[in-house]
Amino acid sequence: MNKKRQSMITSIREGVKALRHPGAFLKQHPRMMYIVFGLLYMVIAYLPHFGLIEFGTMGVFAYIAIYSIVALGLNLLLGFSGLISLSTAGFMGAGALGTGVLIQQGLPFELAAAIAVITAGAIGALIGLFSLKVEGIYLAIATLFVGEILHKIYTQVAIFGGDAIRIGAIKVFGLRELSQISQIDRTYLFILIVAILVLMMIVMHNIVHSKTGRALLAMSRSEHAAQAMGISILRYRLTAFVTATMFAATAGVAYALYFQSVTTAQWTLSASLFIIAMVVVGGYKSIYGTLLGVFIIHGIPELIIKDYLGDVSYIFSGILIIIVIIFYPNGFVYIWYDLKGWMYKVNVKQKIKNLFTKEPTNRGDSQ
Amino acid sequence: MTTFLNILFNSLETGSVYALAALGIVLIFRTSRTTNFAQGTIGTFMAFIAAFAMMKLGYNIWVVTIVALLAAFLTGVIIDTIIIRPASKAGAVSKQIITLGIIMVLTDLQTFIFGVDTQTLDRYIPSQYSMSIFGATLQYNTLLIIVVSSLLMIGLFYFIQKTRWGLATRVTAVDETTSKLMGVPTKRITMISWATAAMLGTLAAIFVAPRVTVRSDMLVSVQVSAFFAGTLGGFSTFYGPVIGAYIIALLKNVTSFYISTEWGDVIVYLIILLFLYFKPYGLFGKKPDKKV
């Protein structure tokens, strides 16, 4: 009884502390930070209703959220495990098209999504097994084979509807039908996919800060040393590939949920390359870095460059990619450390300057 | 017999195109340690230049080819000097993404300069000139493509194996830092490699252009097949991908003719994946030595 009261008091105290110093609280609880980030992001869903941005712009932000999910999964593969996959877009397509087809067969949305994601994960497991034998560029191109086969299946098999699947309104949680056409429904859909993004960020955070994350890091540095420490390569390779493909498929589900119409031909090698570019440009091993990368690769061209330059916007995003990689080979998010280092240098220089410019009489006064 | 010969001639022609592209990819992979995804885009860009020179300026196909090859040489040198060399510190994947950046820049530049309309390029020898072997028709143009690309590749292999510069290329491919210490001009080698690769891609584009017309995605399937040829033959030799290219072309044509037009490619890919599982470094590949 007493214990319960004690714990209640401490939790209230912590709550008050959190309210008084929100910055420090969020630093201690990174998971809360993701939720706060998500809530701020959700505000975008209401801006079009007040005429602050257009509904099309909201679509770009939805794209950013969706790409962030798949890029997070790929970062686990690329950043933490040092493995590359060129079939990411294929798995995203599996999530989107799979959900669409299953809904058209009459399944409820949640079940359809789950089946699509699990199927993608199973194929990911197969690739993981394959990766034990095949390495480096050979593995990259082996995944390209998988991507090409998936692309062929999407465009050739009649069940995917030839050019595109039009899903129409989706009933979410059996409660309410949400349609892309209605403006208020679109706001709800946006909130839903941001919620999925926040969930995936927290999942990613948990994986990275667990035994699995450390094992993956060890594996990426030296496979042999990791093996000598008792890390099972098979198990963690499988984990990495399955997680990455399931993240990709989840992004596909979010795509199907928001846009409610999925074309079959868009899941190509170049789409996969764009997702890799997001991870590379944003920053390996960093969750916010990944989001930054998505914003640089997809957001800046769509939101800013396109308005000013129109058709030739791709030239500038291409140049942007090249410049960022030349100057920040580990990702643009590391500009933060450079800035910090630079500030530190300036501070130290200032202090040294102060030390020498102080007049000796001052010292005498203080004594 | 007749159909098989037809398939064979067809495969030799597409195989030559794949082989040229694959050779360019492996050349860059060995000397610059990156997978060049922009190989196809560079070739396409040059094909547009060629088509422009032909339609607007009225040159014939032979002159046009030389113009396009010169442009390709220059492009390769420029790409290496201002993009690849400054990024030498970046990791393998980052370098691959740089080639994605090159794709974006070139593709947009191409639509900006030449528009989105498809263009055409002539055959070297018009298609009515052909001969018949056991009932199968062999166009002289096909024969020319096969002979020219084989001669070119044999010449390139001779160059790589027998000359001083070839030796320099090979040692750069094995270990760039050591070669630099030994006095090999590795910078010039990588530059020439990029230029040569761009020229090979351009030839592939001009050879394939009369069949598919000049448009922005004309080399996508060629490039993907060239990557596959590289894995099938193994990236550790220069001749492996070339042989892989001919094998893939033949397999693709045979499966799509005898089994299924739509699923022929998928069957070939599955066969190669299975093959890779048992021989992970390709037909002629060696397992690279790794430090523990």
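Even glycines carry a Cβ here, placed using N, Cα and C.
Positions annotated as transmembrane segment by TrEMBL: B:6-29, B:61-84, B:96-116, B:136-160, B:189-208, B:228-251, B:263-284.
Simply put, out of B:6-29, B:61-84, B:96-116, B:263-284, B:6-29 has the most Cβ pairs sitting under 8 Å from the transmembrane segment (B:228-251). Within its own chain, the transmembrane segment (B:6-29) is flanked in space by residues 35-36, 39-40, 43, 136-138, 142, 145-146, 149-150, 152-153, 156, 193-194, 196-201, 203-204, 207-208, 219, 222-223, 225-227, 229-230, 233, 235, 238, 240-242, 244-250, 252-254, 257, which lie at least six positions past its ends and keep a Cβ under 8 Å from the stretch.
Among residues of the same chain six or more beyond the transmembrane segment (B:61-84), those with a C-beta under 8 A of the stretch's C-beta atoms are 32, 34, 38, 42-43, 45-47, 49-50, 53-54, 95, 98, 101-102, 121-124, 190-191, 193-199, 201-203, 206.
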